Structures are given as structure tokens and as C-alpha cells.
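Asks: Dropping a structure here in C-alpha cells format, bear with me for questions.
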Amino acid sequence: MGVWKKLTFLLLSLLLLVGLGQPLWPAATALALRWFLGDPTCFVLLGLAFLGRPWISSWIPHWLSLAAAALTLSLLPPRPPPELRWLHKDVAFAFKLLFYGLNLRRRLNRHPPELFVDALEQQAQARPDQVALVCTGSEGCSITNRELNAKACQAAWALKAKLKEATIQEDKGATAILVLPSKSISALSVFLGLAKLGCPVAWINPHSRGMPLLHSVQSSGASVLIVDPDLQENLEEVLPKLLAENIRCFYLGHSSPTPGVEALGAALDAAPSDPVPAKLRANIKWKSPAIFIYTSGTTGLPKPAILSHERVIQMSNVLSFCGRTADDVVYNVLPLYHSMGLVLGVLGCLQLGATCVLAPKFSASRYWAECRQYSVTVVLYVGEVLRYLCNVPGQPEDKKHTVRFALGNGLRADVWENFQQRFGPIQIWELYGSTEGNVGLMNYVGHCGAVGKTSCFIRMLTPLELVQFDIETAEPVRDKQGFCIPVETGKPGLLLTKIRKNQPFLGYRGSQDETKRKLVANVRQVGDLYYNTGDVLALDQEGFFYFRDRLGDTFRWKGENVSTREVEGVLSILDFLEEVNVYGVTVPGCEGKVGMAAVKLAPGKTFDGQKLYQHVRSWLPAYATPHFIRIQDSLEITNTYKLVKSQLAREGFDVGVIADPLYILDNKAETFRSLMPDVYQAVCEGTWKL
């Protein structure tokens, strides 16, 4: 019988005693003797009690209570279960989670349901003059709640007039937005205006171009694309195909240098700022798509993950759940095309009524100066952000700031400790989750290095499993009955989260094949259904989760998910490469994995490092660019004609192990140069910058 089963049986026995009118103090005394005094002291006291029974027999309770005390001693483990250390916080968190869930359901059950854009209108009435958004940088500006709501209303009326009502309804198509971070406030005004009309919005990575950009727009089902004028070249590369599919394109500016593309600026300025009636979005349900955020998933090009209005409100309430208030100032250096930057950051501040400070890009040298300038109290991060801050040489004013809380994901334990030692006792709440996932984890006790915490209470609300997996196929291992095999405590396992009515998995827009690939059936019993996160975690005895690795083709580098198939598609365009296999490799001292490609040269061709460098710099964002190239005579495949990546990833880029020619990305020389032992040593020691 397990510890928790014993404790449950003991609790039922004690409840029976209460029902029979018997005292519980003997059982409580037994518990105190065993757990708080230890076994030696416990048995000494019991021996003394036995010797002194003639003197204490007059107040010995009924034999049932004595039996309960004996049962308590026999069932109790020698020490309290580790989980009980955090029992008070587990109970408080579970009640808080239940309260927020019931409140969310109440809001969504209204007719029409209360949507995330309603928070803007509420803040515009309650706190009209409070600053909602601040954009830092050379073109720094700010906007109040009243002004932001007025601009959103102008955008709604302008787009309604431009596009006609049939074009902007939820069941007819989305609107895609492609903007640089410097245009954040303008883009957010348009985004909120579209939300007032009930139109879902797809946020596209502004680094996308060519085929990935075209695929992103098409897969979202967008009938409209709004583009930053500074991304003119990106748009014009794919414009003919967009126009051929009747996708209307607009520049978020006052002029258009491109035939076939209109400018929105004048229409936005001329539109009225009258309130937008809620009836225009009356057809929206809480399960309706609100936002599409692109994710690499485990395979293929970026896919638009569906964030319903329910999910957006859940995520945007995280700051409130963490105890933040309208008096907080949140510093956000994360991109708006990520759920952390847009939903938890911007929309989270709108829900709170707090001020969100948007930095166009992360700068370790300016980070704390801007935090001081804007009196920031909360910072959002991915693990790399805090590591970069710790890598900057120490300054006397490192602890002179008003930041008291940090929220994010991907923070290593060593960086966590270093960050708090250097910059002060900043409370850190680490999160775990994926954009398309149906369940998230939260380290609500601030335990260093953990990505989340669970308990028996949380498991009832959010069932999940850690199961054994095949590292080659990246699939769960099954037992003889066909069910998944749970891992032991402390062992790494593939995280699966149960799909239920109140925790649905909406998947991706478009083909259902991509969505079905993320589903795992018959995990614990016949007929159940789980979401495969593709992540490997470990669970310790106290209920803390620790991130171990990512499965499948996707790896994480510099805070971004990198799809190997997307990179393979870009590299395969080169005429001197016949076959390409991209994978992630570990680099000492670095978080995540950096890209590496094993390639087979086309017959009669030679490797051209300069041409490859120019190609990847033109077609791939920096985080997706492979840093190492390995030339092989042939690429190994499985029986099902899939490229073998695991062995290559294990071998990495070690020049002492690999006999094949190896090359490394050299940004100074703008080429891929031969990887020599001295350069390999520099990479391992951290003196060669990746």
C-alpha cells in the first residue's frame, strides 16, 4: 500500500472515531511522537507509558482510541511525505485556481460573453488617464487607456468601411498582422480594433519571408494582411501569390510604394472614435478563435495555433493570479508574435489596468536603465533574457531598481540563483506551457530550478502524466495491454496532458493532420485522450517539475522554437546540396540547442561556405541559422524513410570524434569556415560567440 493510500485509510479511520464519539488525541499524540520526535524518542516515551500504566490507567480513553493510536503508528511512514512540506501553499493555490476558474466561467457564460477586448473598454472608463502602453527606444511614446480605446475604435470603423462587414466576420477569415516591434502601439491599436469587430488576428513573425511568410498567411485563412511599411521587401516577394488568392494587403502607414497595396494611415486618422457596439461581435462564442500564434510544433513549417477567447482570458489573467495589481508597471521585451509577449504581457496588463512598457528589442546594456526610468515593478522573461543580464559586467547600481517580481519560462537553476544574488530578492514565478497546449504548470512557491508544482489537489483539476518514451521515434512506450507506462519519481518522462471538456485542445487551424499528430489515445484506459507536449520533464518527491529536453524535430535556441524541417527546406534550395538533415546540438554553457546540418553534396559540386552564409542570412532569422555543417557521403534513414537525427545529435560537433568534414559559421568572415581543434576548444570554453 502506497503512502497516500495509507494516509487516506488512516483519515477514514479517524473520521469513523469521530462518528463514534471517541477522542482523537491519542492518534494525534502518536503522529507527533512519530513525525516530530522521531522513532527513538517515540519508543522511549511509549516504554515509559507502559511502565507507568498503573498511574495513568484512570484517564486512558476507550480501547477504540488506543486502537486508533496503534493504527496511526503502524500506518505512518517514518517521516512525513515530502509533499506535506508545501501543503498550505498547495491548498491555497488549489482554492485560488478554483476561484479563478469559476469566475472565468461566469464571465464567459454571459450573453454575449465577456471578451478580452472588453477589458480595454472597462479600463478606459475606470482609469481613463492611466498610461496603458509605453514604447521605449528612439521613437518613444506612450498612450493612455482612453487614447488607446479611441484609437482601437477608429481602427474598427476604418477597417469596417474598407473591408465591408462580410470580409471581417469570424467565419469568413482572419486578418494577419506583420509589423516590426517599433510599430507596436499602432499595431496593437489595429489589433484591438479588429477584436471589437469580432475578427481573429494572426500575428506573424516579422523575420519571416519567402515561402515561410506565404505559408503563414495562407495557413491562417486570412483575407487581409496588414504590413509594416519597413517590411516592403518581405511583402513584395510574395505579393503576386497573395493577390492571386484575393488576399487584400495594406500598409500600416500613410503612403504605399507598392502597386496593389493600399495605405491605411489616412483612413485610420479620419475614422470616428465612437464606441463600437458589442452587437458587432455578438456572434462570437467563448470557443471562437481570437488569436493565431505561430508555433513550429514538432514538424513542418510554422502552424497557426488556435487561441480561443476562453484561452486568451485564462492566459491574460496570469498576472492577476500572481498577485499583481493596477499599480504595477510591467517591462516587456518579448515579441508580440509570441503568446508570452502579447497575451500574458500586453493583454494581461489590460486586464489588470497596469502599465505595459514595450521595448522594441532586448538590450542587456539598457535593460536596467529603462527599468529605473519607468519605475518598473514586474519583468517578463525567457530564460535567455536573465542569463544575458547576468553576463553583463557587474555595476554598483545593480540592486538600485524597483523590480520586485519576474514571470516567465526557461530559467536554469544556476541563472536563477545568480540573478537573485546580483540584482536583489526579486520574486520569480516560473511557468511551463505551450501556445497550443491545454494545460500549464506554475512554480508558485518559487522553488529554484523547477518549472512547475503539482499536488493531489492540482492533479484532480488538471490531470497529466509523465510516461516512458522511445528516443528514436519520440513516441510513448506501451505495455502489453497497450497503455502508456508511467515513469518513476525523479525519472524523465514525456509529458501528456489529459483533454477534457473544460480543458480542450484546439490544435492548429487548417488541416487536421497536424492537430491529430499531437494526440495520444488510450494512455491510462481505453478511450481517454491526451495532448502530447513533446517535452521531457521529471517530477520529484515534493511535486516539483523540472524541464529536461524537447522531443521531435523542434529544438529551442535563443528563446525561439526552431523547426528543422523549415530550415531543411531553405537549405535544400542551394544547388550544391542534395540532401539536408538539420538537428540541434548541445553547446557547453549555453541554454537550449544550436542548429547543425548534416548534408550530402550534389554530384560534381563542392561546398561553398560564402554562398551558404549569404543564403541563410537572407532566408532565415538568426536564431534558426545552423552554426555547424557536417558533410557526409550519405544520410542515414530509418525503415520508414525518415532521417535519423538522434545519433547525429549525440555526436554533436566534436572534431575528436567525427571524421567527416566540419564547418562553423563565422560572422566576421561572412562564411562557413573549417572547424579546427582550436576553434572547437574556443566554442566549448565560451570564447567563440554563437
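Glycine is treated like the rest: Cβ placed from N, Cα and C.
Take a look at what Swiss-Prot says about it:
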BINDING   Phe292, Ile293, Tyr294, Thr295, Ser296, Gly297, Thr298, Thr299, Gly300, Leu301, Pro302, Lys303  AMP binding site
TOPO_DOM  1-30  topological domain 'Cytoplasmic'
TOPO_DOM  77-690  topological domain 'Cytoplasmic'
TRANSMEM  31-51  transmembrane segment
TRANSMEM  56-76  transmembrane segment
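Map the listed features onto the structure and describe their local environment.
Replies: DSSP assigns Pro302 (AMP binding site) to coil in the three-state reduction, placing it in neither a helix nor a strand.
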Asks: Using DSSP reduced to three states, classify Tyr294 (AMP binding site) as helix, strand or coil.
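Replies: Once the DSSP labels are grouped into three classes, Tyr294 (AMP binding site) ends up as strand.
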Asks: If you count CB neighbours within 10 Å, which one among the binding-site residues Phe292, Tyr294 has the smallest count?
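Replies: Lowest Cβ count within 10 Å among the binding-site residues (Phe292, Tyr294) is Tyr294.
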